[in-house]
Amino acid sequence: MKIVAVVVTFNRLILLKECIKALRSQSIAPDSILIINNGSTDGTLDWLGEQKDLEVINQKNCGGSGGFYKGLKLGYEKGFDWVWVMDDDTIVDKYALENLLQTNKIKTDKKIGFISSKILWVDNTPNLPSLPFVDSRLEKNDIPFNYYDDKNSLVIKAGTFLSMLINREAIEKVGLPYKEFFIWWDDIEYSHRIYENNFIGLYSMKSIAFHKTHTNNIENIINADEKGLWKYKYGLRNEMFFYKKRNIKKYLKYWMKNIITMPFYILVHSNKSKFRRIFIVYSAYFSSIFFNPKIIYVNKKVKL
């Protein structure tokens, strides 16, 4: 079984060095480490050029979505059985991969499509923005989310690209992430797509990774810092696209409700840049109507 670790980076050299140091220190090392450099301008390119044990792809800034698209595509084409994806601000515990592989030994009725690590913040508390999608409701042929808790694992429907191990067979069946997303919701959409295609997703409670962000808050367009507002143009659009592809009635319901309520809440509760926030909401929601990227599938005839 061959495993490649894929790290997507953009202008965070200090964190990237820490991320790679953690990968080099794994109790069970990945067979290869692939860095997708999204046009960094902070010295990352020069530093990566000095690292002889890394495979580096330098490309223009395509956002995290474009980076993970490229990493999963190359991981598949190079014949790896599993692709271990993460952002450059993800610092994996020494035993992270070993415990992901331990979870992969669980006998399940469905093929395991992806396995997510438990993501903590720097103070060892759960990283709130990175909690997995767990559904306590049972539909036809579902199993309870805590069915494998005796094996330190949970069944999840979606997770984040912060230490997620993805099965080659899943990549082959469902295609690649939408690179057009640019940022946010690419991981949720992709892992949920895997789940929808008769794979099981697991959350390994013993595989630990740390997400080194400045805060551990669940932000939204109402309370987000002004510097990060631009991301919501993509995040809100991508979220609405997620619902549009899966449940058009739910999409229309959310669209009609939020196009009225979100600007109202912004006017009442936001302290700064109220009209900019409202403009982003309208821009994202209206663009979701016409936003319709296509799934790109891997070349199954790749010679290994």
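The backbone N, Cα and C atoms fix where each Cβ goes, and this holds for glycine too.
Per TrEMBL, the features are as follows:
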type	residues	note
DOMAIN	6-111	domain 'Glycosyltransferase 2-like'
TRANSMEM	251-268	transmembrane segment
TRANSMEM	280-298	transmembrane segment
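Tertiary neighbourhood of the transmembrane segment (251-268): same-chain residues 221-222, 240, 243-244, 274, 277-278, 281-282, 285, 288, selected by CB-CB distance under 8 Å and a gap of 6+ residues from either end. Note on the domain 'Glycosyltransferase 2-like' (6-111): its mean pLDDT in the predicted model is 98. Across the domain 'Glycosyltransferase 2-like' (6-111), DSSP classifies residues as 41 helix, 26 strand, 39 coil.
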